[in-house]
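What Swiss-Prot records for Asp247 is active site, proton acceptor. Summarising the annotation, Swiss-Prot assigns ATP binding site to Lys134, Lys153, Leu201, Glu202, Tyr203, Ala204, Glu251, Asn252, Asp265. Summarising the annotation, Swiss-Prot assigns compositional bias 'Polar residues' to 29-60, 84-99, 376-385. Summarising the annotation, Swiss-Prot assigns compositional bias 'Basic and acidic residues' to 100-114, 386-395. Positions annotated as SUMO2 cross-link by Swiss-Prot: Lys249. Positions annotated as domain 'Protein kinase' by Swiss-Prot: 124-374. According to Swiss-Prot, the phosphoserine annotation covers Ser40, Ser50, Ser333, on the basis of similarity to another entry. Residues or ranges marked as phosphothreonine in Swiss-Prot: Thr278, Thr279. Annotation source Swiss-Prot lists region 'Disordered' at 1-114, 376-395. Summarising the annotation, Swiss-Prot assigns region 'Activation segment' to 271-284 and lists similarity to another entry as the type of evidence.
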Amino acid sequence: MDRCKENCVSRPVKTTVPFGPKRVLVTEQIPSQNLGSASSGQAQRVLCPSNSQRVPSQAQKLGAGQKPAPKQLPAASVPRPVSRLNNPQKNEQPAASGNDSEKEQASLQKTEDTKKRQWTLEDFDIGRPLGKGKFGNVYLARERQSKFILALKVLFKTQLEKANVEHQLRREVEIQSHLRHPNILRLYGYFHDATRVYLILEYAPLGTVYRELQKLSKFDEQRTATYITELANALSYCHSKRVIHRDIKPENLLLGSNGELKIADFGWSVHAPSSRRTTMCGTLDYLPPEMIEGRMHDEKVDLWSLGVLCYEFLVGMPPFEAHTYQETYRRISRVEFTFPDFVTEGARDLISRLLKHNASQRLTLAEVLEHPWIKANSSKPPTGHTSKEPTSKSS
């Protein structure tokens, strides 16, 4: 597929890298020689393996009278689910009118039932494919009892094992299932059978930010500032939970039904009890100097990526893009980039203060949100957003 990534799994779950873009992959260590160049002579963006979920624009709900297409998944042995849906947050489902006490008791009972629920493929009507990737597919789906519309990511165990990426899926499930923020894609639960792993995900009907960027070439200042505001809010939440994303890029950002930005693909994310790591990961265009140079890094890597993203939104290409990996590497290490004339002074100031070689000199997320250019151009971010999730059957 083209470019685009709560529980700790009770058993080792064979996992996957979501549907990544068809870009050149790089390994954990970037060789100092023979990095190669784009055969076409055009600049290429370089991608490390990641769990990118690419969900194209689709309708939020199935049309009136429209039934989901028959299951399009290959036949498999009887599902043997081992995991359950995460406990829904209180009041995530709208309550009907009636006796408050009885409704509260029913809600509590439903919550307990959901906690004990073990999902199988038979619980879902499977609709059209939303995306295809190296390790599986994403389908539009509907939970049969609640009629809740969602995205079902289906990953093939054999392909995950062959690529040795099970650990990335475990990490994605562990981290994403614990996060609750309006600008972070929800992972409601997961289950597996003999051949496949299934992730029950929030459906983002407007597709990826990357597709929007391709369609429009670049964004105006108002849209860019609004996206950066939403992203900064979401990253502040992640960092408060000691989670570093490490792979922020347009392919990993989805759009909800109201156009709100949602971070997806936590395959390269980490819980950071030490807050310092040395692993190389993510997309080369977005990697900060400390990561490509193999130095220790912390949550400030996400600040660098925020600056790169802001630049790409406004200009239509990343600031360090080059014809070869070596040149991109060199530009990042030296922080060599220029602004087109149409980029305003306020935007230049914000980006330049995020793209600092010394991580300690980068703006904090709080400072990003208070930056004059952001405050002057960002529309009010979505508020009061609560996500719903499928409910369990009555016993």
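Here the Cβ of each residue, glycine as well, is placed from N, Cα and C on the backbone.
The CA atom of Tyr203 (ATP binding site) is located 21 Å away from the CA atom of the residue listed as 'active site, proton acceptor'. The least crowded of the recorded positions Lys134, Lys249, judged by other CB atoms within 10 A of its own CB, is Lys134. Summarising model confidence by region, the domain 'Protein kinase' (124-374) averages a pLDDT of 88. For Ser333 (phosphoserine), the nearest neighbour among the recorded positions Lys249, Glu251, Asp265, judged by Cα separation, is Lys249. Proximity to Asp247 (active site, proton acceptor), judged by a C-alpha distance within 10 Å, picks out Asp265 from the binding-site residues Lys134, Leu201, Asp265. In the three-state DSSP scheme, Leu201 (ATP binding site) falls into the strand class. Following the DSSP three-state reduction, the secondary structure of Glu251 (ATP binding site) is helix.
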